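Enquirer: Below are the structure tokens for one structure; questions will follow.
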Amino acid sequence: MKDLLNLLKNQGQVEEFDAIRIGLASPEMIRSWSFGEVKKPETINYRTFKPERDGLFCAKIFGPVKDYECLCGKYKRLKHRGVICEKCGVEVALAKVRRERMAHIELASPVAHIWFLKSLPSRIGLLMDMTLRDIERVLYFESYVVIDPGMTTLEKGQLLNDEQYFEALEEFGDDFDARMGAEAVRELLHAIDLEHEIGRLREEIPQTNSETKIKKLSKRLKLMEAFQGSGNLPEWMVLTVLPVLPPDLRPLVPLDGGRFATSDLNDLYRRVINRNNRLKRLLDLSAPDIIVRNEKRMLQEAVDALLDNGRRGRAITGSNKRPLKSLADMIKGKQGRFRQNLLGKRVDYSGRSVITVGPTLRLHQCGLPKKMALELFKPFIFGKLEMRGLATTIKAAKKMVERELPEVWDVLAEVIREHPVLLNRAPTLHRLGIQAFEPVLIEGKAIQLHPLVCAAYNADFDGDQMAVHVPLTLEAQLEARALMMSTNNILSPANGEPIIVPSQDVVLGLYYMTREAINAKGEGRVFADLQEVDRVFRAGEAALHAKIKVRINETVKDRDGSITKNTRIVDTTVGRALLFQVVPAGLPYDVVNQPMKKKAISKLINQCYRVVGLKETVIFADQLMYTGFAYSTISGVSIGVNDFVIPDEKARIIGSATDEVKEIESQYASGLVTQGEKYNKVIDLWSKANDEVSKAMMANLSKEKVIDREGKEVEQESFNSMYMMADSGARGSAAQIRQLAGMRGLMAKPDGSIIETPITANFREGLSVLQYFISTHGARKGLADTALKTANSGYLTRRLVDVAQDLVVTEIDCGTDHGLLMTPHIEGGDVVEPLGERVLGRVIARDVFKPGTEDVIVPAGTLVDEQWVEFIELNSIDEVVVRSPINCETRYGICAKCYGRDLARGHQVNIGEAVGVIAAQSIGEPGTQLTMRTFHIGGAASRTSAADSVQVKNGGMVRLHNLKQVERADGNLVAVSRSGELAIADEFGRERERYKLPYGAVISVKEGDKVEAGAIVAKWDPHTHPIVTELKGTVTFVGMEENITIKRQTDELTGLTNIEVLDVKDRPAAGKEIRPAIKMVDANGKDLYLPGTDVPAQYFLPANALVGVADGAQIGVGDVIARIPQETSKTRDITGGLPRVADLFEARRPKEASILAEVSGTIAFGKETKGKRRLVITPTDGSDPYEELIPKWRHLNVFEGEQVNRGEVISDGPSDPHDILRLLGVSALAKYIVNEIQDVYRLQGVKINDKHIETILRQMLRKVEISESGDSSFIKGDQMELTQVLVENERLAADDKFVSKFTRVLLGITKASLSTESFISAASFQETTRVLTEAAVTGKRDYLRGLKENVVVGRLIPAGTGLAYHSERKRRRDADKPLRVSASEVEAALTEALNSSGN
């Protein structure tokens, strides 16, 4: 008995470890793992089903088939444990040792490991400095390789074909050694002297000039150093012993009917053993060379197929023509070991069923079918029944439960009390896809779900299913209740706004209840208190919408917690007074004294959470929901065809638009406008018409005429059902109503271009056949997009999670004072995001001063909450430096101060929060939702008319930023720079709006001018790009020869002639090399120079430029001398959005990216080469000029002699993030990427906090490239982890040595995931073979710092409660350490202590 107890004790012992190392196995090591050699290919005897001796399932090698029973049956039972049977040689043990014991095969001839041979870059090839083709020729017995040239003229590693080999034999006899096959490769690898080679390479690299050579050498050097450092020997890449997998991991299962189901590995092993045995026999018989050679080649191929089938040549197929699954296939891909079994396990104690609505539930409850609960909580019920004495044994309890006796239900109710369950809906796109609820037992078979959590789950009740899981242990129940309970997840982790927000019916009910109607029953009455209003309403004496006065008692709780009570009389409506009854004390009456639209309700819940706290908010949300359902029922809102009121003006608007289109058509027919211009104008026309119709329609729908108490006719907001649904935000939008009652508008073709003829009908009138046909494009594109984008979005989320999974908050403060400069985000003149919203929940990095003084009003280190935001807005501060994840200096992980507020909880983030995964989920989750929502507007093209002026929205003072301008003769300014901006500041000096000014814009105001709201302050032509002179003088044409470089056109409408520059490809041969230009000269014909430089004022004209001045004309400063026409635009749609986000995160270089100035200086153009222009920048600091070749077709924004700053745009196009990082630094890159990604999401109305994007960006910026190695061990051009380099540099600086210099590198998320420190994480992501090969060769250690690695090895993740567990475990182990010291050490320490005290 004692033995048994000890045995059970030993079972539970888990090995503690801190890292996992992967390396190459030496032959000795493989033999040490092995329990015997497999000599025969047999598996099991088909009659007895017993394993064959020495075969692949041999019981002597691998252990017994049945527990504690040898094969022949001589020894049975536990008492013989450990005995080895004399007869069959089997050790008596547990059968599960067959899952652990390995065997080996002694190979008759060495075999190269295919991973190290074929996985690029080939490691064997790199070490031997031979090409892969050459090595393969040696391995597969096509050529000889010289191993030892001796005294001959041959070279080591030289390949010889048969003829050359025999010639060499005749010439030199056996002075040299040349062989073929894996033995030759093994010999060569064995002969490599790593230390000598490393020394040689280190000397050779600095002396080499060619880039490619250096790259190749440093690759070899890296590999050699990896081998040296890891203790792997190169010859171990060639196998002499092959390990055999334990038999229970490659089972052979007899099916009924005498057939067997087997793992493919058995076939592959059989092949290897057969060929190996045959080779042994041939060698014993000393068979002819050619036969042996063939057999060796076949053995090599068999081992290749076992390790990685299909990597070389054709895959070996089984009986059913299907390629066999090799060892490599077992671990890679979605069905492989990593993703199928280690990262995605199935769990016990779970069930799933369809969901239905539970409108009567409280927020923390869910309805669980009794049948389901009985099955899920079985063990608990058994225990309870036994404890109560209702059943004597578990077996009896089981019977009771099966019979469903009445006592069982009572016990079930007791077991379930306060035992939370987890509900999950697939796809789980963010952490709110799994939440905990308290179960309520219900009849029926469907799970009931609380309506308010549907938004978090993205669930609806059209047949969705959900899974239920039971947290078993006390700790799990505690975490479920404290962290995952639906009542604790009121705010969304993506943006910190409530996610428990009423939608649809509830919103409609609350909106209906808080609307006011003129002349409703009971209007003008005055009530003493809310109770009286309630009584009168119930008695039917006052209508819900009647305007009344009522006396209320309100308690208002201020931000600092002080409570003020006051009584006042308010003008309100009956419905609002009723609604105020459910509002918690502490909120003012004004929160309900307005029509409750969706935004208002969301704001109300948010305010409630911030002011009165979590518990009250939960109760309030429930009350809101019950009220909303009740009143939407009372309202009786429904849609009928008559609700779609078509505006009377529609016919007129469409008629006038049609006439204008006809006019344009006739202009086109007579050749006055080009095809492109016609297209643009027509589409602009129809867009405007569509907007007019929808304006008229909304005006018509939103108002209705009623008679007031005095009998006068007045207008009030309409009670049209459809309008109410859209206006309240319950369902539908203006765009959809437009299609129902306005006009459908323009449609897009599948390629994204817009069809010129719009659909003028709406759904109420019905579409004609042609119109229907046109609209099928959009509808189908929508559906196809959805299917594709769901997959794409899921993949984006996977990559994001993988790159950020190891980012966890590990300390409170890293102590940096770097940060990002935050300003309000202004776009197209609107403040899209005020400063307050951007800094909310961030920590201030540097003191904020009161504008114009030295007073610190917000000290550094402040976590900005709502109160501080109000304060910052009040003091009209317009820029703040805040801490950001990008600048955090924590080594592993991130610090709480740089991250700021935990958005889902509203306080500073806790240590252990997995902020990386939260960031990835927050960015990935809306991706899927956006893509699932492309087609709601049915492909109706929404195209913006091009902007051609700046009209200010608010009055204020003009500020010009970063603008170079010249003053025209009429006193207006003309912009001559590209990145200029015009801003309007209010009286506090805070910028309210900001506009980009294109080159050539005419500005009618000056810096510091006061302007009124609505004033137009700048104008330009959106369809052309002008060239503006910066000085006055006379025009002379250079190289402008008619019909050679230019052609003259006469405008038929105005009779003026224009000069158009011909495209190079349209010019005759004589004109190909000429560069047409306009030169400025003074009155005497002398060249004029650009102001402040010695560059002649000469403007080169690109192709298709239109020149509007004549030769010899006098012109003034700021006049336009030529225009370059611009192209048309495509529609903006999230379809362009999701790939855009993916491109930004993958840091892809865009096609035809914008060209940025590499240095600051003066622009000049050098000699042209074929098809390219030579751009020369002479730096301002006097260093060497920088030259760059730019293709001719690129349109340049700069002219000769212009000053540019480093990083300024020279040629327009999409920006390349790598260039921004290189030229402008990390902050500029962060600003660019955050804004670009936010633009895509903002277009769809999705809010994501900036810090999530910055968190991902931090992971993309982990690596640096060494530019100078200094005294460090790094090699120039190496990519290293930033933290590693910083630590090394600190060490060097402390020793007064030269530190290494580096540049930051931006990696795309896929690359960043694959280059993480952890090989387990990288291998389970993508390219498993390559990652593992590399890790094994370098002998990598995985310190299990991320979440993924720990999940794979089956431990708690080092985040949240797991982080505490791991740090406690490490602390305990460190505390135990000093006890393990030897006696001599104790003695030495004692004597030392005594001596020191004696002195």
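Glycine is no exception: its Cβ is also placed from the backbone N, Cα and C atoms.
According to Swiss-Prot:
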BINDING   CYS70, CYS72, CYS85, CYS88  Zn(2+) 1 binding site
BINDING   ASP460, ASP462, ASP464  Mg(2+) binding site
BINDING   CYS814, CYS888, CYS895, CYS898  Zn(2+) 2 binding site
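Burial and contacts for the listed features, if you can.
Expert: Annotation note: CYS85 (Zn(2+) 1 binding site) sits in a coil segment as assigned by DSSP.
For the recorded site, ASP462 (Mg(2+) binding site), the DSSP three-state label reads coil. Taking a C-beta cut-off of under 8 Å and a sequence gap of six or more, ASP462 (Mg(2+) binding site) has no contacts in its own chain.
Contacts of CYS814 (Zn(2+) 2 binding site) defined by a Cβ separation under 8 A and a same-chain sequence distance of 6+ are given as CYS888, GLU889, THR890, CYS895, LYS897, CYS898, in order along the sequence.
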Enquirer: Check the binding-site residues ASP460, ASP464 for other C-beta atoms within 10 angstroms of each C-beta and report the one with the most.
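Expert: Of ASP460, ASP464, the one with the most crowded Cβ is ASP464.
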Enquirer: Rank aside, I only need the closest one: which of the binding-site residues CYS70, CYS72, CYS85, CYS88 has its C-alpha nearest to that of ASP460 (Mg(2+) binding site)?
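Expert: Minimum Cα distance from ASP460 (Mg(2+) binding site) across CYS70, CYS72, CYS85, CYS88 lands on CYS70.
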Enquirer: Any idea what the Cα distance is from CYS70 (Zn(2+) 1 binding site) over to ASP464 (Mg(2+) binding site), rounded to a whole Å?
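Expert: Rounded to a whole number, the Cα-Cα distance is 53 Å.
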Enquirer: Taking 10 A as the limit, how many CB atoms besides its own sit near the CB of CYS85 (Zn(2+) 1 binding site)?
Expert: 20
Enquirer: Taking every protein chain shown into account, which of the binding-site residues CYS72, CYS88, CYS888, CYS895, CYS898 has the largest tally of Cβ atoms within 10 Å of its Cβ?
Expert: CYS898
Enquirer: Could you measure between CYS85 (Zn(2+) 1 binding site) and ASP464 (Mg(2+) binding site) for me? Cα positions, answer in whole angstrom.
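Expert: Roughly 59 Å, rounded to the nearest whole number.
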Enquirer: Fill in the CA-CA distance, ASP464 (Mg(2+) binding site) to CYS72 (Zn(2+) 1 binding site), as an integer in Å.
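Expert: Counting only the Cα atoms, the answer is 56 Å.
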Enquirer: Under a three-state reduction of DSSP output, how is CYS898 (Zn(2+) 2 binding site) classified: helix, strand, or coil?
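Expert: Note: CYS898 (Zn(2+) 2 binding site) is helical by DSSP.
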Enquirer: Taking 10 A as the limit, how many CB atoms besides its own sit near the CB of CYS70 (Zn(2+) 1 binding site)?
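Expert: A count of 25.
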Enquirer: Could you say whether, by DSSP, CYS72 (Zn(2+) 1 binding site) belongs to a helix, a strand or a coil region?
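Expert: Assignment for CYS72 (Zn(2+) 1 binding site) reads coil.
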